[in-house]
Structures are given as structure tokens and as C-alpha cells.
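See structure below.
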Amino acid sequence: MISPFLVLAIGTCLTNSLVPEKEKDPKYWRDQAQETLKYALELQKLNTNVAKNVIMFLGDGMGVSTVTAARILKGQLHHNPGEETRLEMDKFPFVALSKTYNTNAQVPDSAGTATAYLCGVKANEGTVGVSAATERSRCNTTQGNEVTSILRWAKDAGKSVGIVTTTRVNHATPSAAYAHSADRDWYSDNEMPPEALSQGCKDIAYQLMHNIRDIDVIMGGGRKYMYPKNKTDVEYESDEKARGTRLDGLDLVDTWKSFKPRYKHSHFIWNRTELLTLDPHNVDYLLGLFEPGDMQYELNRNNVTDPSLSEMVVVAIQILRKNPKGFFLLVEGGRIDHGHHEGKAKQALHEAVEMDRAIGQAGSLTSSEDTLTVVTADHSHVFTFGGYTPRGNSIFGLAPMLSDTDKKPFTAILYGNGPGYKVVGGERENVSMVDYAHNNYQAQSAVPLRHETHGGEDVAVFSKGPMAHLLHGVHEQNYVPHVMAYAACIGANLGHCAPASSAGSLAAGPLLLALALYPLSVLF
């Protein structure tokens, strides 16, 4: 076995050789800092325009450690060391932190958090679109405790609205935009207990089609929850698990079609080819359901049947932006979370890189003069990377040392808990004996669990566009939709608004500027 001291010595030599020549010159760093300072000084000219459009990107489980690791991966995919790379979200001028706890949970789940950042109120874990007065799985605590979302506020203001996700369209994050449910797992009536059904509660897929009937764009997975039980799936005809689940016999795709005016162009699609051949100018309503359940991981995607997140976002914006009153679009990179839960860091990080690609595409189709874009996460994960790795070390590679306890190597990426806990012959598994670069490799964890857990630390909030400066410090998570509504002059945020000028800005004047900067807690 190689001596740990020899490994460290080799690592030191390699580290010195990996420093790019330009970075050895102090002028490189000074010039870079001066450019950053110049940009920061320009931010003193605040953008107080009305946000005609609002786009919210939600990286499910995209904690700060995931953002950093995704940044390195993005650079390495372009054959760079990686650490110096800038994600699209890194370019946003304003950054805040969001406190993610649920009303009854120190470490949150994705349902209670979605209610916070979409509806503006904190809620109990496992519940969507309801206040903390609703208890999980108790249908009879729902009525009277429903809360509406920024998607509803935007639709009521005449804007077009859309939902794009890589999970099921009735999963926790998107469901808080339109549903009111005591349990996030009530995907269809097949997943609901008899008591809840008898008390009149509706499943989330049903609510998607009935609560806000004119959502302009809906894209993601979740086909099977829309069809009667045992109905064969259009793509996976021989797969019993892909068949319809509904006990009430409803075909919710037909329901969706029936609610659309005949003079409007409505399209239901189920594969990538259909999506990319659409003419957005001839689409008023779009329902795209590309998988029976969640969509495929980016690394596993079928390029014929499965669109990427960025492809869905481009089409969604092309459809929504036709509305002269603007739009609200919720985009979820939902499978970042799933990759982490499975201990598959490579899957999770490639999902994060794809979401960042979608952020870039959205930026190229919109202007920060009239579009507020917010990028954040619902919660973090117990995901970390370290081990004194040298510059440019593969983010999925080994640390440059051996454990001083069991004398075995370890990967830079590790989890605090999860399915990667493995004991071989009474000892920690020797990772040099396995393919730790495999797409589905499960990184080692300290505590054995079938599913890795969320983390409880704050998450980042990146913002650009009108009123983005109002996301500026450490906030409660439910503050986020209030800022978006204020910027767009929708919902309860109309008092400060005035007819827009040709540039789309708020009426000028010190009084209105002062109001824009006044603590929002006073206004709500």
C-alpha cells in the first residue's frame, strides 16, 4: 500500500503544476477584482422598473455545496479546471439567503417549502397550498385554510402562466402553485385514504386540471396519474407500473382539452419530437407529459422521447411571452433532489448543470429591464465535498490522501447519511476497487439510510431584474413571493404602482423610490 505521506507529497507537486500561468501574476487578480468592483458600483443605479415578466427557477435540493460542485462540473465539462467557472446564476447581481424551516420541522420537506416560496406563508411539512392550520394527511383540516400562489396572482392580473418541471407535474414543488392538499403524496385518488375521499378532498392531479383551468403551459412527467386505472401508457405499453392509476375513471387529459375554448390552439404532447416541432406562435395552451412518473435523469435521457429542461423552458417562454401583459413561469430542476436522495451525486450535479443551462436560455430570450428572474432552492442536502483536493481535481474523483485511520482512499464527494454506507469484510469499502465515476455510483455516507436526507442550512437566492435588490440579506423563505409580486404589481402589491412609462418603469420620484425600499413587512 502506498504511504499516505507519499500521496501527500505527490499531491503537492501536482497542485503546483496545476496553477494556470496567468494566475501566477498578481495583475491577473487585481484586474479581475477591479472589474468586479466596477460592476458592483454600477448596481447603485437600482432597477425599479415594473416586472412585466417573472421567472422563478427552483433547484430542488440545490444547497450551496451543490451549487459549488455544479460550478466545478460545468467547467470540467468544458475541459477547464472548473473552480474558476461562472454559472449563469453566479452572474446575477443580487444574492440573499433563505431560511428554509417548516412551521413544524427544523429540517424541511419540499411541500412546506413550496408553500412558502410560492404562496408567501410558511406551512407544515408534507402539505401544499394550505396554512399551518392544516395538519398532514388530515383532510378535514384543509377547508378554510387554503392559500393562493403567485401563479394565481399573476393569472388574475391577466398574465400568462406556466409550470415546467423535471418531476411529476403533480409533485410537491409544482403542486403548491395550484393545489390545496393536506398531503403531498395524494398524486391521484389511488394514493388517497378512503376517509379523505369520503370527506371530499381531491387529489392533486384532479386539482391541476380544475383549480386554475387556464394555466397556459404545463410540462413535466406524471402521465399515469391522469388516466383511469390500468390504462396502457402510450410509450411503455408493456410496463404495468406505467399504467393509469385513477380509481374514478377520469381521463384528465380529455378534461384538460374540454376546458379549452374551441377558438384557441391547444396541444397535448408526450415526446420531445412533438415539442420541438411545435410552432409557438400557433400554441395558446400546451400540456406536455413526457413520462408516466418523473422525467428521466439528464444523463439517462432518450433524445427522441425526452426533452431536456432547457428545451422545455425555451418553448414555454416562446409561448408565454406573446401576452402583452407578460407572464409568470415556474421552472423546477426537480431531480437534483432525487439524485441526492439516492446518493448518486453525479446524477444530481448533472441535473444542476442542466438547470443552469436553462437559466442561460431564459436570459437570452428575455431582458432584465422588464423580467425579474429569481433562482433559489427549497432546501439543501447532507452533501459535501472536501479532502484537500488539488486544483482541477475531478469533482467525482478521489481525495489526494488516505484515511489516517483505516488507510483507505476516499472520494472528495461524501454524504452525511444515505445508501452509500457500505461495509466489506467488517471494514469501510475500498473505493479504489469500484467505479466511483459511474453515473449511478453511490458516494459513501457516514450513517446508513435507504434514502439520504435533506439538510437544514440556509439556501441561496440569486436575483436579477426589476426590484431584484429587495432580495438582499437573510430572509424567511416565505418573503420571496412577496418580492416577486411587488416587482410585478400583482396580488396585494398594487398600492405603489403607477402607469408605466414607455420604458416600463415605475413613475419616477423620491416618494415611490422610498416606498420601493421600505421594509416589506410594513406593506403586508
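Any Cβ shown, glycine's included, is placed from N, Cα and C.
Per Swiss-Prot, signal peptide is recorded for 1-17.
Feature annotation from Swiss-Prot assigns Mg(2+) binding site to Asp60, Thr173, Glu332; the stated evidence is similarity to another entry. For Asp60 (Mg(2+) binding site), the same-chain residues lying six or more positions away in sequence with a CB closer than 8 A to its CB are Ser110, Thr167, Thr173, Glu332, Gly333, Gly334, Arg335, Ile336, Asp337, Ala377, Asp378. Look at Asp60 (Mg(2+) binding site): DSSP puts it in coil.
Taken from Swiss-Prot, the feature Zn(2+) 1 binding site applies to Asp60, Ser110, Asp378, His379, supported by similarity to another entry.
Under the DSSP three-state reduction, Ser110 (Zn(2+) 1 binding site) is assigned to helix. Feature annotation from Swiss-Prot assigns active site, phosphoserine intermediate to Ser110.
Per Swiss-Prot, the feature phosphoserine maps to Ser110; the stated evidence is similarity to another entry. Within 10 Å of the C-beta of Ser110 (Zn(2+) 1 binding site) we count 27 further C-beta atoms, all protein chains included.
The feature disulfide bond is assigned by Swiss-Prot to Cys139-Cys201 (among others). In the three-state DSSP reading, Cys139 (disulfide bond) counts as helix. For Cys139 (disulfide bond), the number of other Cβ atoms no farther than 10 Å from its own Cβ, over all displayed protein chains, is 22.
Cβ neighbours of Asn140 (N-linked glycosylation site) (same chain, under 8 Å, six or more residues apart in sequence): Gln199. Marked as N-linked glycosylation site by Swiss-Prot: Asn140 (among others).
Residues or ranges marked as N-linked glycosylation site by Swiss-Prot: Asn230 (among others). The Cβ of Asn230 (N-linked glycosylation site) lies under 8 Å from the Cβ of Arg243, Gly244, each on the same chain and at least six residues away in sequence.
Using a 10 Å radius centred on the Cβ of Asp306 (Ca(2+) binding site) and all shown protein chains, the other Cβ atoms total 21. What Swiss-Prot lists as Ca(2+) binding site is Glu235, Phe290, Glu291, Asp306, and the listing cites experimental evidence.
Taken from Swiss-Prot, the feature N-linked glycosylation site covers Asn271 (among others). According to DSSP, Asn271 (N-linked glycosylation site) sits in a coil region rather than a helix or strand. For Asn271 (N-linked glycosylation site), the Cβ neighbour count at a 10 Å cut-off comes to 18, with all displayed protein chains included.
Per Swiss-Prot, the feature N-linked glycosylation site maps to Asn303 (among others). Asn303 (N-linked glycosylation site) carries neither a helix nor a strand DSSP state and counts as coil. Around Asn303 (N-linked glycosylation site), taking its Cβ as the centre, 9 other Cβ atoms fall within 10 Å, counting all chains.
Swiss-Prot lists Asp337, His341, His454 with the feature Zn(2+) 2 binding site, giving similarity to another entry as the kind of evidence. Under the DSSP three-state reduction, His454 (Zn(2+) 2 binding site) is assigned to strand.
In the three-state DSSP scheme, Asn430 (N-linked glycosylation site) falls into the coil class. Over all protein chains present, the Cβ of Asn430 (N-linked glycosylation site) has 15 other Cβ atoms lying within 10 Å. Feature annotation from Swiss-Prot assigns N-linked glycosylation site to Asn430 (among others).
Residues near Cys489 (disulfide bond) in space but far in sequence (CB under 8 A, at least 6 apart, same chain), listed by position: Val50, Ala51, Ala157, His496, Cys497. The feature disulfide bond is assigned by Swiss-Prot to Cys489-Cys497 (among others).
The annotation GPI-anchor amidated serine is assigned in Swiss-Prot to Ser501 on the grounds of sequence analysis.
Under a cutoff of 8 A between CB atoms, and with a sequence separation of 6+ in the same chain, the neighbours of Glu235 (Ca(2+) binding site) are Ala242, Trp270, Asn271, Glu291, Pro292, Thr305. Cα separation, His341 (Zn(2+) 2 binding site) to His379 (Zn(2+) 1 binding site), rounded: 13 Å. Distance from the CA of Phe290 (Ca(2+) binding site) to the CA of Asn303 (N-linked glycosylation site) is 12 Å. DSSP assigns Glu332 (Mg(2+) binding site) to a strand. Among the recorded positions Cys139, Cys201, Asp306, His379, Asn430, the ones whose Cα is located within 10 Å of the Cα of His454 (Zn(2+) 2 binding site) are His379.
In this structure, Cys497 is the one among the disulfide-bonded residues Cys201, Cys497 with the smallest number of other Cβ atoms inside 10 Å of its Cβ. In sequence order, Asp60, Gly61, Ser110, His338, His340, His379, His381, His451, Glu452, Thr453 are the residues of the same chain, not among Asp337, His341, His454, whose CB sits within 8 A of the CB centroid for the Zn(2+) 2 site.
Looking only at Cα atoms, Asn430 (N-linked glycosylation site) sits nearest to His379 among the binding-site residues Phe290, Asp306, His379.
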